[in-house]
Ligand SMILES: Nc1ncnc2c1ncn2[C@@H]1O[C@H](COP(=O)(O)OP(=O)(O)OP(=O)(O)O)[C@@H](O)[C@H]1O
């Protein structure tokens, strides 16, 4: 994955592809749907073929029934079955016209059925597949992408592809059938006059080519602006609370107006090109029609204009002009097809990008499965930096860390981190904000992979393990647990989908959540709102804990799992957690040091390095950073050395400047 450091054009950058993507997508997803496409294609040809009949019948009727200058002879119809009187011929013509109309209508229905089935099936498969691929993407991909833009790919761009399939492909086929079919008939009727009509074709082709060249980049820009607008809207709806509390409504209206204006400008730019193109096509087609009429009419009046030769009856002339109309005007529609094609192409490149974007956190084909997990965790000289994007570091004169995969990273967030947790032991991780604590545990569940060094579970490099086994073995309660829109019960059972109601309740009791859940309007069936907004932070944390208790993992990772609950509730949860963690390896991050006081080993992180380690007592004796942090939490601010404040202020400055970059 190549991502933009600013994150502004991430989808555009990550989804770049080579331009043939649209047809590859149709081929890949259309394979299981060939029957519908064939039905659509055959019926398109049949309806075009039937459409050729009326002009021919009309010309014949004029010459044979009205002017009586030539016999009424039809292909595949014997002369004996044709009436001899003019009235009989008129009725025969009427019957054949009605029959052609009915067959044409039937073919048209089947044609639409086939193409729409084809397009809808592809759209459905493509959307599900694109979502599946998106879901498999690394955590880092989502760090660099914006939700609104990704949603825009999954929705708008996939729809654009479907709409081209429904209208564009069938229209294109109709057009090819028409140009070939009618072209041949025109040439058979009167080759010279046909040449006059067809003189318009190369002119139309050049004109269309010019249009394509101009409009293509405009459509690509337009699709990007739609993505950006969606990203802005999605972001604002998600951040509505901050917008309100910061009274930033008019500021955000301004930003939405700006994004909408950028889309408007890009769209209008494309529209201007398009609306100039269509009348241009109509003028070329109209001139060609007028020229054909002029040559044909004078031919009927005065005989063939020099140097042409041959005959042209009034009936043949009418047939010819009707075919010319069928031939020329649809050619003008060709522009619409090209237009839709260009739009679909711009979309396909974004969809294709999602389908094909590379991942770094992948499972090896011969990944190891874990049947029994003892729970030993080892970090060996682990160094890691977040993806800084393509050109990151070039302009910012900081120390940048080059990953082994050649991608440039932001300054290493973890440096040479080594520690071990024996099965059943608890390791506490403490340190100032931004020191890398959460990053450390994210490497254990492979949300990211280290750039250097190894993370091991039971002696195996986690990169060698099956991802599903690894994630089943490790239970991870994050700092800001995410709840899905749904009921409390669904959220507790998320990931353990076969849990019974009793299991859910037991887990909730252990997480000190059962009582508050019972007091909710519908108990376990209460809807928690989007992202769990209807619950307090502490309630969300307890539901997330219950989810992990239910999962019953071998290794427990707690990233400030009780930071939002009050001291009393924390005491209840701690008692449960202590029992739960007693026989399983636990890595617990805590700001509140009392939470990890009893850990077998406490690691003190500062600037991505382990600066102190030991038990609570040992660290107090050491009288370093941990001891000072302990004094802070005990309220003994006056006992802190001046150097502590100086270092803390310097540290804050570094963290803030890192963030602003
Ligand atoms: N997804 C990310 N992309 C880029 N940088 C990140 C990302 N997540 C964290 N960082 C940076 O990595 C550093 C360590 O962050 P981390 O969340 O691991 O710290 P922490 O010690 O857990 O902090 P806190 O105590 O505030 O939770 C910080 O400088 C942070 O800005």
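Backbone N, Cα and C define each Cβ position, glycine as well.
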(message) Between the candidate ranges 154-171, 172-189, 226-243, where does TrEMBL place the transmembrane segment annotation?
(response) 172-189
(request) Scan 195-215, 321-341, 342-362 against TrEMBL and say which stretch is down as transmembrane segment. (result) 195-215
(request) Quick one: find which recorded stretch in 49-69, 89-110, 172-189, 277-301 has the most Cβ pairs under 8 Å with the transmembrane segment (195-215). (result) 277-301
(request) For the transmembrane segment (89-110), could you work out the same-chain residues 6 or more beyond its ends whose Cβ comes under 8 Å from its Cβ atoms? (result) 39, 43, 46-47, 50-51, 53-54, 57-58, 60-61, 64-65, 72, 82-83
